[in-house]
Structures are given as C-alpha cells and as structure tokens.
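Novice: Supplied in structure tokens, the structure appears directly below.
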Amino acid sequence: MDNQSQTPQQKVEFERKQHKEEMKQQVISFALMILFTFIAFGMVLLDIGSVFLVPTLLLLAVVQVLFQLYYFMHMKNKGHDMVAVMMYGGLAVAILTIIAFTTIIWW
Amino acid sequence: MSHDDVLNPKQMPHDPEKATLEGKNKFLAFWFFLGGETVLFASLFGTYLALNRSTAGENTPENLFGLELVFIMTMLLLTSSLTSVYAMYHMKNHDFKKMQLWLGITVALGLAFLGFEIYEFVHYIHEYEFTFRSSAFGSAFYTLVGFHGGHVLFGLCWIVTLMIRNSKRGLNLYNAPKFYIASLYWHFIDVVWVFIFTVVYLMGKVG
C-alpha cells in the first residue's frame, strides 16, 4: 500500500481491517491453546501409561507458549528481531540453568 | 502536553505504542527484562525439578495436587490473556473506553485466579500440613508457584494503577506504550503458567 496516495480516512480503514485480521488470528490461536490444554489434562486424567506421555505434555506446552509469544505478544510482526535475540538468548541460558540444576547441583 | 498529543484516529501513527522514542525504548527494554525473567523462572523450575522427589517421607506431588482446581485456574489465566489481547486491539483502534473495559475484565479474571491460588495454598497448609518448611519439595513448590502468584499480584496492581491514572486522560502517545507493556507482562505471566501446570501439576500427577 502506498501511504502517500491515501486519504487519512482510507488509511484508518485500511489499518482497522489489518487489526481485525490480526484479531481473527489471535482468536484462532486462543482456540488452539484451549484445545492443547484439554488434550494435556485429558491425557493425564485418562491415565495413559506411556513413556511418551511426559514428552508429549512438554511438547504441547512449548507449542502453546509459541502461540502466546508469536501471536498474543506479536513476535511474528515486523520489528521484533531484537526481541527474538533477547528471548532466545534468555531461553538458551534458561535451558542451561535447568540442565545444570537437574544434573550437577542436585544429582 | 497539548491536544496535539492526544491520539486522533484521523492522523495517529500506526503503532501508537512504538511511535515515540520513549515508547520504542520501553518496548525494547521490557523485552530485555522478559529475557531475564525467563532465566529467573528457569532457575526456579530447575530447583523444583531437582527437589520434587525429596519429600521427607511426607506429602508427594501425587497425593497433594488436584487437577480440577488447576484446570479452572488455567482456563481463567488463558482467557485473561485473550481479554488483554482484545484490550490492545481496541488500543490500536484508539477506542479508549473499550480498552479500559477489556482491561477491567482481564483484572477480574486475574483476581479470580489469585483467589483460587490462595485457596489452594491455604488448603494444602491446613488439610495436608504441607508448608514451605515441610520438605525440600515444599520449599521448591511454594517458591516457584508463589513467585508466579506474586507476578500475578504485581501485574494486577500495575494494570489497575494504569487504568485509574489514565481514566480521565484518555489514550495518547505518552501512555499507549505503558498499556502495551503491561499487557506484554500479563501474557508473560500466562507463558510461565503454561509451564507450571505442565511441569508441576500434570507431570506431578503422572509421577
């Protein structure tokens, strides 16, 4: 869209449409997050005695958090490169911390 | 500040939260803070994972936790995350009243969550005599979940303060970043909760 040739009214309408589109994606993410939560609780309540249960629970949590970060917190949008650097930097230290605590410190 | 400062839908910038240098700085600094919070919670999760089997022969995660309450709390917090998305949607469309309304709903859901969490802790302490000092598991549990609860409380105070402080002022380029950042904080609280209900409660029940 060429911003220069738009009237202010057109610009407002275009942006409102964009916001609506984004809101729609966010409501879909919300529905998926609810679904993942139901699956996670359901698997535990149904007592599925599989070795894959815990990895599946963790995977569901990670996917849900990615929806939260990328859609609810807008990390998918432009201008979030530094944000990604900070969050993935934090995540790297976080994973190291958890590995260190669970393996070395309290073996 | 004059009226030029007030957001006029006809001439306001696309992202009011990042339209000023101050807003940009707040945005970036806040994400830097969230990166640090990730590490803070990782250290608490690491401690919990290392110590949750050290129950001193008393309450174990299996006999302590009830999933019904945790499920309700999860739904409350997840829904409050969506309502704060709605608040930011209305902020971007410069509808101050609707933004305040959705923030109010967010606060109500957050309060309900906090109420359930306090009930849960009181229940553990009185019915199970499970306290911070019961075992290493007890200390790790209350530190991790309590720290998250503290974040919820802080987030609620933050959002309520912003709502009251700006209630007569309306939305402008000065306070739009403040609202946006408070909503980011609220989403982050839900991010942490997703791992708490998975790692502490669900994995605790699985054993």
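Placement of Cβ uses the backbone N, Cα and C atoms for every residue, glycine included.
Heads up, here are the entries from TrEMBL:
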DOMAIN    B:28-205  domain 'Heme-copper oxidase subunit III family profile'
TRANSMEM  B:28-49  transmembrane segment
TRANSMEM  B:69-89  transmembrane segment
TRANSMEM  B:101-119  transmembrane segment
TRANSMEM  B:139-164  transmembrane segment
TRANSMEM  B:184-204  transmembrane segment
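I would like each feature placed in context: is it buried or exposed, what are its neighbours, and how far apart are things?
Specialist: Long-range contacts of the transmembrane segment (B:69-89) within the same chain, counting only residues at least 6 positions beyond its ends with a Cβ under 8 Å from a Cβ of the stretch, are 98-100, 102-103, 105-106, 109-110, 112-113, 116-117, 119-120, 152, 179-180, 183, 186-187, 189-190, 193, 197, 201.
Long-range contacts of the transmembrane segment (B:139-164) within the same chain, counting only residues at least 6 positions beyond its ends with a Cβ under 8 Å from a Cβ of the stretch, are 41, 44-45, 47-48, 50-52, 77, 100, 103-104, 106-107, 110-111, 113-114, 117-118, 121, 131-133, 175, 178-179, 182, 185-186, 189, 192-193, 196, 200.
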